[in-house]
Structures are given as structure tokens and as C-alpha cells.
Amino acid sequence: MSERIQRQRGASTQRDEATAPLVASHEQTADLDALLDEIDLVLESDAEEYVKGFVQKGGQ
Amino acid sequence: MPLLLGTETEYGIAAPGRPDLDAHALSSLVVEACGVPATPVVEDSRHRMLGNGGRFYVDHGHPEYCTPETTSPTDALVWELAGDRIVAEAAAAVSNALGTPVRVFRNNTDGKGQTYGYHENYLLRRSTDWALVEEALPTLLVTRVLLAGAGRVGIGPASDRPGFQLSQRADFFEQVSGLDTTQRRGIVNTRDEPHALPRDWRRLHVIAGDATRSPFATWLKLGVLGLCLAVLEARALPPVRLADPVAAFRTVSRDLTLSEPLALAGGGTGSALHVQRLLLDAAAAYAERTAFPEADALLAAWGAVLDDLATSGPTGVADRLDWAAKLTLLEGYRARGGLGWDHPKLAQVDLAWAELGERGLAERLQAAGRLRPGPAPGPVEAAMVTPPTDTRAHTRGTWVREHVDHVVAAGWDSLLVRGSAGALHPLRMPDPFRHTAAGAEPGASADRLARSHDRRDP
């Protein structure tokens, strides 16, 4: 195994340990909620029709 | 050997307001609305060669864009994103003309039984042992789904069972190797059409990958496979092989725990993560000895993704990989509304993820800072109208971009141009690494350029 990979693995482990899981997860959940709300505004209101209307020819 | 690669994307297309237009007619309108320099590949053909050295045409009822030949994962990504822009802008022009939305999608299945491709091409030396490629490639491609999966709502070709899987394409592969691309697909495609001197080159045509929307995922999957193929050509791959790649393709795609044991040839089992680690270590050892484009960045990114998958699962890589980002959105909606996997809203999110343009969810996630951004807009915009400088695509693109009226025919490995006096000048380009910007005279007239072709040896 190369030193480069060991260094990289070390770096990402440190970053994981440095993350405060509880606070981050609350913030992330709030962020995600806001994003889902925003996405809801652009999604077609009729999900079923949008999905049904997408019929493709078989390709390669 | 230097890396040479390019990709082909068949886009999904729909105009719900014009059910009278079939897929071929609609795709033709989009190709005809191409807003960048382009010329028919031969007179009367509807296939267009582009001023960026790529190609744009209709295939099996889908608009299809091929990138020009590139020499690094970043260049391949930039010219692929340029293609997305070319297709999206053409679709927007058709939408305006028809007065109804024409939507284009970067995905690989309609969820109702049909699939369409995303193909990668890597130049191999003719001397590379093809039996070794057939033996080793399925293991590379099947475990690469961890990095390269675009994510899919629905299990089975026609989504017969509700659920989520990592890959758009896994359910459509029936054998380990084969020539067909539209039925009985093989994980290894055996097409041997090098578009280069066959004595020296073979073009590996990879049809088992997904079209990804995360620029990082596209860069990583292309770079990792390109690097692994270089390791293969050096006969330095680890000996690990999946015993049943077709079954393992489905297993890996459906395994959200990322820990399912896969039967290995010669006995024993290993997870896809385990196999990827072995490949990473071999690639890192190879890159210590041999130069490969962007090797340090690729190895670091690849290692970090495998680490984060192992320690945090999908949420650990949702900022980089399509399938994980999509899964995070889907799980968000599921948790919110108590939705089962068969709820149409989830299939809608899957589809909207792939839609090109402002409505596309991948764009939304990038704008919201939840998906790692791609290259700056400048180089991508430039790549819509400019060919790479370091492959023969430079010569092809320059003719189309600057002297389109002189181009009689344009192919991957040949050009036929007409001088002002009417004389025809054929140019053969069997070596994809020649006919580059090096030694070319910027701004040369068509006649001067044509005469310079005459002087070159064939």
C-alpha cells in the first residue's frame, strides 16, 4: 500500500473524528428539510403523470 | 502509453405536450436545433460533426452526443458537460419553437423496461491481451458501481419490485461478455472498431456504466477505470476476480449495506468495497512507478470515497456520488411523508434528478452546496465550441469551427475537404495522438490548411 493512500486515509479519519455528530446532524436535517421544500416547488404537482409520461425507446 | 478516452451519452427525451411526436421525430428536432458550429458527417446525413470535435445525432430514438477524444479525466468531464449544455440548449430552442416543454434527461432507464446507454471508450494497445481484459474487466466494472452508480428507484428491468438500487444499468446485463448493445448485453462489450490504425490500437467500448450528473462522480469513474486499464495493460492488477459477475452486478447494485459478500473465483468471498480497496492499492503502487494523468488526485479522491463509505455509509459520500445524493433526498421524502418505495413521488425525484437545465435536481443540489461543484463554467462553455488541443480532435474541430463550408465529410479518423479551386483534399488521421494544435498554424486559411494536409505523410 502506498504512503499516499495511507496519508489520505489518515486525513479522512481525522476529519470524521473532528465532526461533532449531534450538532451536524441537526443542522443537516434542517438544511435537508429546506432543500426538500425548495425542490417541492419545482417538481410537477402530479408526480404520477410526470413519471407515466416518461416512456423511452430502448437504446444501446 | 498516454490516456485517450471519450464518452457517448444517449439522452432520455420527452415532450408531454406533444404526444403526436414520436421519439425519433422529437430527437431529430433537437439535433437540428444544435446551436453550435456543426456540419453533416457526409452530405445529406443527419449526423453532425461538431466544432468541438464531438458528434451529435439521433440513435434509437434518443439524442446522442459523443465527446471528442481527450487525454485526461478532467478533459473528458469538461467536454461531456459541454455536451450536456449543447443538448439542453438545443432542447430549449425546440421548446420555444413548439411552445411546449421538451425535456432531456441524463439517465439510463425509463423505469418501465427500457434502457439506453452511456458508453465510455478507452484506447488500448493492440498488443494488450484481450483474454485478460475479458477476464478482469467484469470485476472492475461491477465493483465500480460503488463510485459510478447514478442510483435508481425500482428493482428489475421494469421496476417490478419497489426499492432503491445503486445502478441504473445493472438489471439490463445478461452475460459476462458479448457484442450486442441492445439485447443480451454483456458486461464486457467485444466490439472491435478502433477508429484508429487497427494494427496498433483497440478501442475498449464500455457499455455497463451509468450516466452520472455529479461532475465529481463522472471524473472519478472515468479516471479510476482509465487508471485500472493502465494497470491491466502493465499486467499489475491484483488477482481478485468475481466468480459470477452478472449475479454480482445485481447484488452490488441492490446492497445498501455495502457489505454483501460476493463469491470470488477460486473460492472465498469479498465485498465490493474490499475488491475496490485491492484495486486502489494496486493502482497506487502502479502510479508510484508510472506517470498517469491526474493520478495523485484520483488516488486521493478514490481512497477518500472508499473510506467514507466504510465509516459512514451513503451519507458519507452524498456530497460527491449520484446514488448517495439521490438516496439522501429520497430518504428525506420517505421520512417526511411515510412514503413506501412504490410511491410515485420517489420515482419522480429519481427522474427529476436526471433532468437537464434549471429544473434538474442535480443542479439544485450543486446550487445549494450539497453536491460538489464541477469545473468552472468558463472552460465548459469554451468546450462547447472548441476542440481539445492535444488529440486529432483539434484538426477535426478546427475545420468545422473555422472552415465549415470547405468540409465535405468528417469522420473520427478521416476528413475530406474542398479547396477554393474545387480540388478535394483527403486527410487520414489513423493516429489519434497526431494532428494536434502543436505545429498547427492558428488562423490559417482553408487552402493553406488543406495544402499542409497534402504534405503530411499518411
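Glycine is no exception: its Cβ is also placed from the backbone N, Cα and C atoms.
Given the ranges B:58-81, B:154-177, B:178-201, B:370-393, the record in TrEMBL names B:370-393 as region 'Disordered'. The stretch that TrEMBL tags with region 'Disordered', taken from the ranges B:251-276, B:433-458, is B:433-458. Residue counts of the region 'Disordered' (B:370-393) by helix, strand and coil are 10 helix, 0 strand, 14 coil (DSSP-based). When DSSP labels each residue, the region 'Disordered' (B:433-458) comes out as 10 helix, 0 strand, 16 coil, counted as helix, strand and coil in that order.
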